[in-house]
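Visitor: Below: one structure in structure tokens.
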């Protein structure tokens with residue numbers, strides 16, 4: 001069989017036996033029947049796949065986890081992190097099992113197999129909404145960290161302003177232009193997700209740097225006796241504090257969302273049977289990082305832990321070299337997000353292409369289409385982060401909805417649809433639980449965001 005042959009195979013197992021062919025030989029099918037734009041490159045390593053999936057998981061959400069410990073307490077909080085890792089593993093297993101049954105090589109292809117054309121389109125729209133929102137938020141955070149931000153008339157200096165003073169060339173817009181042209185654009189030009197394995201490894205390493213600094217500071221303050229033992233259980237005294245427990249659900253439910261990249265990583269693996277160990281290794285690695293960040297972040301700041309723990313590193317930590325450590329945390333985090341950007345951008349581009357050109361040849365074969373979609377999406381993200389002040393508020397609503405659909409509602413719906421009659425009764429019960437949890441999480445997130453927005457606007461009052 002040549003690489004150009006795309007006849008159906010009974011089973012996708014080891015791909016080591018593929019023939020070596022000339023570089024100019026066709027690597028792809030001539031039609032893009034599925035949304036993924038499946039590229040038949042099969043040389044990705046286990047380690048590279050783990051780093052790519054881990055980077056997809058560990059984005060900006062890691063900074064919100066210590067605040068969940070403040071609400072839930074350490075025991076319940078850590079138990080919930082572990083529980084969500086197992087639930088995410090189950091939802092990804094649903095995706096892979098039904099993809100194998102329907103010979104689907106993309107998430108969109110799986111939804112199309114189960115629910116037809118409109119199922120595939122709905123999936124692609126959710127990926128667009130979720131990933132564009134996530135990337136705009138990443139760009140906003142990077143701008144805040146490097147160039148500072150102003151809130152309620154108070155200016156919080158960025159790292160570059162603190163080091164070099166306030167100049168036009170370290171202003172927010174110019175810094176983001178340089179970052180977009182010098183980092184985002186080159187990394188977004190890779191046609192294979194496996195090409196990002198080294199930047200993904202560095203991204204995970206930078207997340208570990210943040211963790212190591214946090215652990216080090218917490219241990220120093222623990223030895224000196226300046227931190228208290230954190231609360232182990234939630235402090236529930238009335239109905240209000242009871243309902244507050246549920247505000248942590250959206251953060252935990254979306255902590256492991258990576259489903260839109262699973263098929264791309266699976267397609268490029270040299271041995272497709274490795275995808276389950278890849279998923280479990282990545283989830284174990286990210287769970288460890290999440291648990292340690294939550295534990296030591298809450299240990300360090302206690303009840304003063306903010307919703308975004310990065311904001312706690314904008315103050316005096318009460319130890320030597322506090323300012324230097326604060327800057328190290330903020331810079332490592334900004335660099336981490338810069339390297340997460342291309343991993344989240346990759347499925348965004350594939351699904352945009354699948355939505356606009358569902359019957360064209362695969363995206364990797366068309367340089368013109370690839371370049372136009374890449375440039376257009378980066379421009380939209382840049383403009384959204386710089387010139388639409390209320391866009392963060394908008395994506396608080398849409399992002400939560402799209403994320404839970406991608407992570408739990410769609411895999412569960414495919415299982416309940418059971419198009420290939422392979423779901424067990426246990427699978428269906430678990431799928432039903434996923435849908436109930438996801439809908440509840442979404443309702444809580446929307447109510448919480450709407451209440452916070454209303455409170456912020458009413459608190460501002462009329463201006464004189």
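Glycine residues also receive a Cβ, built from the backbone N, Cα and C atoms like all the rest.
OK, TrEMBL features for this one:
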type	residues	note
DOMAIN	44-448	domain 'Amino acid transporter transmembrane'
REGION	1-24	region 'Disordered'
TRANSMEM	41-65	transmembrane segment
TRANSMEM	71-96	transmembrane segment
TRANSMEM	121-142	transmembrane segment
TRANSMEM	173-190	transmembrane segment
TRANSMEM	202-223	transmembrane segment
TRANSMEM	243-262	transmembrane segment
TRANSMEM	282-301	transmembrane segment
TRANSMEM	331-348	transmembrane segment
TRANSMEM	369-388	transmembrane segment
TRANSMEM	394-417	transmembrane segment
TRANSMEM	429-448	transmembrane segment
Visitor: What parts of the chain pack near the transmembrane segment (173-190), using Cβ distances under 8 Å and only residues at least 6 beyond its ends?
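Guide: Same-chain contacts beyond the flanks: 139, 142-143, 146-147, 160, 196, 199, 338-339, 341-342, 345-346, 349, 374, 378, 382, 385-386.
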Visitor: Using a Cβ-Cβ cut-off of under 8 Å, list the residues of the same chain that are 6+ residues beyond the ends of the transmembrane segment (331-348) and lie near it.
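Guide: Sequence-remote neighbours of the transmembrane segment (331-348) are 52, 55-56, 58-60, 63, 127-128, 131-132, 134-135, 138-139, 141-142, 145-146, 159, 179, 183-184, 187-188, 190, 193, 196, 199-200, 202-203, 206-207, 209-210, 213, 260-261, 264, 310, 377-378.
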Visitor: Answer with yes or no whether the transmembrane segment (429-448) touches the transmembrane segment (121-142) by the criterion of at least three Cβ pairs under 8 A, sequence separation 6 or more.
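Guide: No; fewer than 3 Cβ pairs under 8 Å.
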Visitor: So what's near the transmembrane segment (202-223) in sequence-distant terms, Cβ-Cβ under 8 Å and 6+ beyond its ends?
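Guide: Distant contacts of the transmembrane segment (202-223): 51, 54-55, 58, 62, 285, 289, 292-293, 296-297, 299-300, 317-319, 325, 328-329, 332-333, 335-336, 339-340, 343.
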Visitor: Are there residues at least 6 beyond the ends of the transmembrane segment (394-417) whose Cβ is under 8 Å from a Cβ of it, and what are they?
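Guide: Here the qualifying positions are 87-88, 91-92, 94-95, 98, 107, 110-111, 114-115, 123, 126-127, 129-130, 133-134, 136-137, 250, 253-254, 256-257, 259-260, 423, 427-428, 430-432, 434-435, 437-439, 441-442, 445-446, 449-450, 453.
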Visitor: Counting only residues 6+ away from its ends, which parts of the chain sit with a Cβ under 8 Å from the transmembrane segment (243-262)?
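Guide: Non-local partners: 52-53, 56-57, 61, 64-65, 67-68, 71-72, 77, 80-81, 84-85, 88, 91-92, 95-96, 107, 127, 130-131, 193, 234, 236, 275, 279, 282-283, 286, 290, 343, 346-347, 351, 400, 403-404, 406-408, 410-411, 437-438, 440-442, 444-445, 448.
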